[in-house]
Amino acid sequence: MKKNKEVGLKKFSMKKALVYLFLVIGSLASLFPFYYMFVMATRLNREINDVPPPFIPGSELIGNFKKVMSNMDFFGALGNSLFVSVAITFGVLFLCSLAGFAFSKLQFKGKKLLFALVLLTMMVPPQLGLIPQYYIITTLGWLNDFRAIIVPGLVNAFGIFWMRQYIKEGVPFEIVEAAKIDGCSNFRVYWNIVVPMILPAFATLGIIVFMQVWNDFLWPVTVLRDPAVHTIQVALRALNDARQLDYGMIMSGTFWATVPLLIVFLLFNRLFIQSLSEGAVKS
Amino acid sequence: MATKEKSRKLTERKQNALSGYLFVSPFFILFAIFGLFPMVFSFYLSFFRWDGLTPMTYVGLKNFEIIFNDSIFFSSIWNTFLMGIMGTFPQIIVALLLAFALNSALIRFSNTFRTLVFLPYITSVVAVAIIFSLIFNNQSFGLVNYILSMFDVEPIRWNQEYWPVKIAISTMVFWRWVGYNTIIFLAGMQSIPKELYEAAKIDGASIGQQIRLVTLPMLKPVLMFVVFTATIGALQLFTEPFIFLGRGLREEGITMVAYLWRDAFGYNSFGTASAAAIVLFAIIIVITAINLLITNRVGRSKKVQ
């Protein structure tokens, strides 16, 4: 009897050890490329070209970054990315919550049809219109202009869907009605009553949109040609595309471009993970 | 009094309708300009020859003829499918396993594991492609070539040879997305009521049976969602080959979106690029329809049971 129990116990812990082993391997596989990037960001190109390549950090952390700075306007590109991402995020939050409010709390003819149309637009692959979009942007004279990114970026069907769900469930009808009887206009109801009640939804959608815009590449590389308006992603690609490949410098640029978002993520990892997975599961 | 009340209600209704239309109009106006019009115009453009500067000339179906006679176009379709399969399937299986591991009871540091596994998703695709370009470098100092050299394998030219290109690009996709899908699966698993497992245990189901008979069926909607988004994502693959292959976009790794981008912005051939976009659109519609069909059938068979 006692022996049996011991065998069972051992088998159980074996299984658990395997689970841990698997998770540790998975985590290491996730981490290793970051570590490798860091190592290379601290090495001279000559050292990187050695066989075997270096596996521990070297002394060129600052030296490499200085080279990055002399080859590109690193902080300028970072600032461009930040500007575009913040502008689109706030714009999307405002427009989507406003539309979400209308779709969930206001009565108007054709509401259902219009909402169905919003959902339908989600099915259209964005690359399909790439060339005419480029044509529109050149016609408007917005090439190398942040408006080329920001204005089309404000179209966000998912955001409207998301906000409508949240306002429908999170804002009671009675409150909206009461405010209207007090003589509030619809916009005042939205601004003074609905907005303060949906701040958590703003956080979630804000993170999703910000990440999307920050990491976007196809559209920015198409319409932002002038290095002065490059977002960080486009600038990194330009750095990587140079004829003379200095891997230490390229990795340094990539490393420092990755660090800001990583820090924000590690600080708010629960909120990030929850937001980004919730956004997926609900849709 | 009654009429006043009635008219008040009427104006309120009108007002509601007015604000309603006003509040949803920005979306529709912007979508019309930057979504609907480009889509329609793509069809139009595919019948014209246009370099972006001089006036367009109508050429009928010539653009489609050109791309269908271009072996690189077929390579781009084939590459997209191959890399889609190579990137997606292992990714979903590993993500499922990781989610099972994270969901199993009494795992300590589970939040730490979750965060670490999720980390690659926070990294931009451009950064991922640049890091993996060095890992999959053609020279003998590239990490993978160095590891292979320990097994007496000659250095592989990762961004030039048929299968190595695809392995390298699929690895990038795999690495960036596996943790994201893990978290989605985990969220799905955690929403399964505990009572179902309790009941299964009382009936004497082993852990394997619990996974097969409780977890997987309950996870089906989430699984479908992940397969769906991964498929659409795979069809739109662009940044990884674009960075990894450089300006040339070699035939071994070019994807459909990369092909149309190169035609348009590399060769200034907007007509053929639009034709390629139309074909891509058709392929996406067909794949989506197949996806929906399978999803529906799976949903129905579950109901019958």
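Backbone N, Cα and C atoms are what each Cβ position is placed from, and that goes for glycine too.
As annotated by TrEMBL, transmembrane segment applies to B:21-47 (among others). Packing against the transmembrane segment (B:21-47) from elsewhere in the chain are residues 56, 58-61, 63-64, 270-271, 274-275, 277-278, 281: each is 6 or more residues past its ends and has a CB under 8 Å from a CB in it.
If you look up TrEMBL, you'll see B:77-291 marked as domain 'ABC transmembrane type-1'.
If you look up TrEMBL, you'll see B:81-103 (among others) marked as transmembrane segment. Nonlocal intrachain contacts for the transmembrane segment (B:81-103), taken as residues 6+ away from its ends with a CB within less than 8 angstroms of a stretch CB, comprise 110, 113-114, 117, 166-167, 169-170, 173-174, 177-179, 181-186, 188-190, 211, 215, 223, 226-227, 230-231, 234-235, 237, 253, 255.
If you look up TrEMBL, you'll see B:115-136 (among others) marked as transmembrane segment. Taking Cβ pairs closer than 8 Å, the transmembrane segment (B:115-136) reaches residues 98, 102, 142-144, 158-159, 164, 168, 171-172, 175-180, 182-183, 239-240, 242-244 in its own chain, all 6 or more past its ends.
Same-chain residues lying 6+ beyond the ends of the transmembrane segment (B:167-187) with a Cβ under 8 Å from its Cβ atoms: 83, 86-88, 90-92, 94-96, 98-99, 102-103, 114, 117-121, 123, 125, 128-129, 132, 136, 158-159, 219, 222-223, 225-226, 230, 233-234, 237, 240-241, 244, 253. The transmembrane segment annotation in TrEMBL covers B:167-187 (among others).
What TrEMBL lists as transmembrane segment is B:222-245 (among others). Listed as Cβ neighbours of the transmembrane segment (B:222-245) (distance under 8 Å, sequence separation of 6 or more from its ends, same chain) are residues 79-80, 83-85, 87-88, 91-92, 95, 125-126, 128-130, 132-133, 136, 159, 165, 168-169, 172-173, 177, 181, 184-185, 187-188, 216, 253-258, 261, 280, 283-284, 287-288, 291, 295, 298.
Cβ atoms under 8 Å from those of the transmembrane segment (B:265-294) belong to residues 42-43, 45-53, 56, 59, 62-64, 66-67, 73, 77, 227-228, 231-232, 235, 247, 249, 256-257, 259 of the same chain, restricted to positions at least 6 beyond its ends. Taken from TrEMBL, the feature transmembrane segment covers B:265-294 (among others).
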